């Protein structure tokens, strides 16, 4: 109090007073924090609308405002990054920052955008590389190029007449050797067609009392096995067109053949599979029994350790080199299993296809004895073959379209569907370079298709590509 008895007036602050300002209350701090961090708690898939007259401040980023503000002495060494960031923030239509040397009044106009925003923008991608907007709208971001699907020619590049090519689902009358020679059984004769020279050679004639039911090349491509309707298996020297030996065992026709080095497996209508070592004097070294109906499909794995067999009893069996009983049995198919193919890319991966009542391609892991997947193709599966160049396979089909389908594995997406045959496509073989397939049908034609790419490890021209186009006869 002063001398008059009045209270002293409160001190007034001056310009030179260095006393600190009063601290904000905790409630004010929480309010400011909520305002600053409001964007971080907004759902990326939810659009928030504000009042029709009051803009939504949550959509604004004031901390980034000076990105586009000209600054004296700013280093322009990171112009590329600045351009990319500006595009991500304000869009591709915003002009770049201008310096005072360029103009005295820098423009902050945002074309095609409202100054006030009345709703928050919804982020399009939860995996966006940009923290501000969808990558698709940022032209400065380089995306991985989308690989265009490989184009497969829809027409065969060559057609051969094949008179007397039988329309029998249980036979295997076409095979392609490692020496690029195609063997075809026509009636009671076997013909060889050299894919390099287009030369046709008549290998054998079984006579009027017999007919060819199967052909199969040895892995070296020098010898051809011929299964006959009388139950015999003949071995021919292809270069000399000379029969080396004839082996018995089957009581009925031999419709399936498969080689494993010097071991030849034959499957017949008598439900049996015979293992024959052509180096020995005996006609067969073992007999495999298990199927309850005709054996119509046989394939050795690429490591020659497992033999897969399919029969008209709707069964798929897997045998090893020493077993006389199947080590694996698969009974999921509901029709005859003729189409069998081992993957050259993954050990133990086996594909099989069922007949008219089944229509499915199934995949099996013989290492773990498991069923992997099933694809309903919509029609009879007549044959299967894997590409050795890419992880794809081809299936041939019967009624109603008689189509040839190229599949990607494991997605089983269709790469191409080829048509042209007027009968079911019963026969299928692949060229030694892995690029071309040949298909045969009861319409008595053989059609050649380029479906697979060349091997990446070598730059080779397809030996088949030099062949003349058009239609010729194989005999």
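Placement of Cβ uses the backbone N, Cα and C atoms for every residue, glycine included.
Quick look at what Swiss-Prot annotates:
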type	residues	note
MOTIF	7-28	motif 'PEST motif'
MOD_RES	43	phosphoserine
MOD_RES	45	phosphoserine
MOTIF	51-57	motif 'C-box'
MOTIF	80-91	motif 'CSM motif'
MOD_RES	99	phosphothreonine
MOD_RES	144	phosphoserine
MOD_RES	155	phosphoserine
REPEAT	166-203	repeat 'WD 1'
REPEAT	207-246	repeat 'WD 2'
REPEAT	249-289	repeat 'WD 3'
REPEAT	290-329	repeat 'WD 4'
REPEAT	332-374	repeat 'WD 5'
REPEAT	376-417	repeat 'WD 6'
REPEAT	420-459	repeat 'WD 7'
MOD_RES	454	phosphoserine
Three-state composition of the repeat 'WD 5' (332-374), taking helix and strand from DSSP:
0 helix, 23 strand, 20 coil
Compare 166-203, 332-374, 376-417 by their Cβ pairs under 8 Å to the repeat 'WD 3' (249-289) and return the stretch that comes out on top.
166-203
Are there 3 or more C-beta pairs under 8 Å linking the repeat 'WD 4' (290-329) with the repeat 'WD 7' (420-459), counting only pairs at least 6 apart in sequence?
no
Do you know the mean pLDDT across the motif 'CSM motif' (80-91)?
74
If you run through the repeat 'WD 4' (290-329) with DSSP, how many residues end up as helix, strand and coil?
0 helix, 19 strand, 21 coil
